[in-house]
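Peer 1: The structure follows.
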């Protein structure tokens, strides 16, 4: 039993007479994911997912590993450039393989089920729950900062507030796609305004002559010469701040005219974020010495306390709003990854279902929320940033290598966007150097990341590849699926390959499930 035959909730409630028919709710003729993400929402998904907690956490790590202000700024600019190269490759993949799921969907189609499952496994198990937990903890720390001005907020208080925020946004995402995207739009504007305030105050400092730390002779003065491995770790820290540039590819099927709006959103968003990040770091260094920045646990708060006086409370509020929007964006996109994985048969089929009326992937959202809360309960999550960044870069490299392999495997396939071959080659060269030196410099961190991925191998062969399981296992899965459907009121969506504008080979494998009639 693969769960596909259990896709319909019972067709009528107890009592099938006239009275029962009067109580039936109006059911949509066709249950499917809605295309409600236009160009503006597409841009805010990318910007909102990139700008989360990273710009308020990573400057410290980038400066620590790079050894000087000048090298740190170069790392930030190049980090944005590398993200731009990767996003160009993802634009080609996104319109050539117009399926939600991002890296996972592309790698599964190009390299097969095992490779795709390993990416899915590491993402669902550690990458996205950990990132969500870090952003949620940053949110709660900044919210509680004014309440506990002279000490670190209590451990339980930060965890409880983080969990409450996660539960609230999970409810929003379960209730309405439109509501979730509107929240993303509003809070993305709020994030840009908060960073804009930091940039304006920093520029005022520079115009007033406070730019000594930014002059070349001071900015590039090295108390210690960083090794290539340390520079690689600085890039990994910056990559955490830029992570999320590929998240629009996770919701391709919900984008209006994806072949037009997907690349446009990427071309607008990545340069904008790189510009904002670089100016934000310049603003930090215009008013804070490297020693002050390295000793600060909340860079934006320290910045506000130095320059805004009685208005310094604006900074923790702004950061809290920024991270709140980041949590919403990560929940929205990571749940679509679970949805895509279940649709391919790599996760329980219940996760491939959506609410029959609201058209939201409720089971996938609940799994993402639960996994994040478990990570929150485990303890300190900030030490996992390097693990997450390593897995992120590993998945990016495998995906873009897949683009080259796909060019060779299917040279005549229609590609609405076809980037110059130098773009993926340059990205992969940088990727190989970065990961090579990261392995050399931090073998334990990178080793743990690889082990996390490889633990998925036995899970794949036992859970996915092994088809002849005992009947009792299939019976249990079927009963659990039916219970989940009744609790969440979910069914398999009917996907329309015409709407996806995809060639026949991209017709969804699960489209044979068809529409499902549901009555409550």
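We count from 1, first residue shown onward.
The backbone N, Cα and C atoms fix where each Cβ goes, glycine too.
Since we're looking at a predicted model, the values are computed, not measured.
Okay, so TrEMBL annotates it like this:
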| type | residues | note |
| --- | --- | --- |
| REGION | 1-27 | region 'Disordered' |
| TRANSMEM | 37-57 | transmembrane segment |
| TRANSMEM | 69-90 | transmembrane segment |
| TRANSMEM | 111-144 | transmembrane segment |
| TRANSMEM | 156-174 | transmembrane segment |
| TRANSMEM | 186-207 | transmembrane segment |
| TRANSMEM | 227-245 | transmembrane segment |
| TRANSMEM | 266-287 | transmembrane segment |
| TRANSMEM | 307-333 | transmembrane segment |
| TRANSMEM | 362-381 | transmembrane segment |
| TRANSMEM | 387-407 | transmembrane segment |
| TRANSMEM | 419-441 | transmembrane segment |
| TRANSMEM | 447-466 | transmembrane segment |
Peer 1: Using a threshold of three or more Cβ pairs below 8 Å, and leaving out pairs closer than 6 in sequence, do the transmembrane segment (419-441) and the transmembrane segment (387-407) count as in contact?
Peer 2: yes
Peer 1: May I ask which of the stretches 111-144, 186-207, 227-245, 266-287, 362-381 has the most CB pairs under 8 A with the transmembrane segment (156-174)?
Peer 2: 111-144
Peer 1: Counting only CB pairs under 8 A, let me know which of 37-57, 69-90, 111-144, 362-381, 419-441 has the most with the transmembrane segment (186-207).
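Peer 2: When the Cβ pairs under 8 Å are tallied, 37-57 comes out ahead.
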Peer 1: Please give the sequence-distant neighbours of the transmembrane segment (227-245): residues at least 6 beyond its ends with Cβ less than 8 Å from one of its Cβ atoms.
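Peer 2: For the transmembrane segment (227-245), the sequence-distant neighbours (Cβ-Cβ under 8 Å, at least 6 residues beyond its ends) are 46, 49-50, 52, 54-55, 57-58, 61-62, 64-67, 71-72, 75-76, 78-80, 82-83, 86-87, 90, 131, 266, 269-270, 273, 277, 329-330, 333, 385-386, 388-390, 392-393, 433-435, 437-438, 440-442.
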Peer 1: Same chain only, please: residues at least 6 beyond the ends of the transmembrane segment (69-90) with a C-beta under 8 Å from a C-beta of the stretch. Say none if there are none.
Peer 2: 59, 62-63, 102, 213-214, 216, 218-220, 222, 226, 231, 234-235, 238-239, 241-242, 245-246, 249, 266, 270-271, 273-275, 277-278, 281-282, 285, 290, 396, 399-400, 403, 419, 423-424, 426-427, 430
Peer 1: Per the 3+ Cβ pairs under 8 Å rule, pairs at least 6 apart in sequence, do the transmembrane segment (266-287) and the transmembrane segment (37-57) touch?
Peer 2: yes
Peer 1: Sort out the residues at least 6 away from either end of the transmembrane segment (447-466), same chain, that have Cβ-Cβ distances under 8 Å to it, and list them.
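Peer 2: Hits for the transmembrane segment (447-466): 113-114, 117-122, 125-126, 345-346, 387, 390-391, 394.
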Peer 1: Tally Cβ pairs under 8 Å between the transmembrane segment (37-57) and each listed stretch (111-144, 362-381, 419-441), then give the stretch with the top tally.
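Peer 2: If we count Cβ pairs closer than 8 Å to the transmembrane segment (37-57), 111-144 scores highest.
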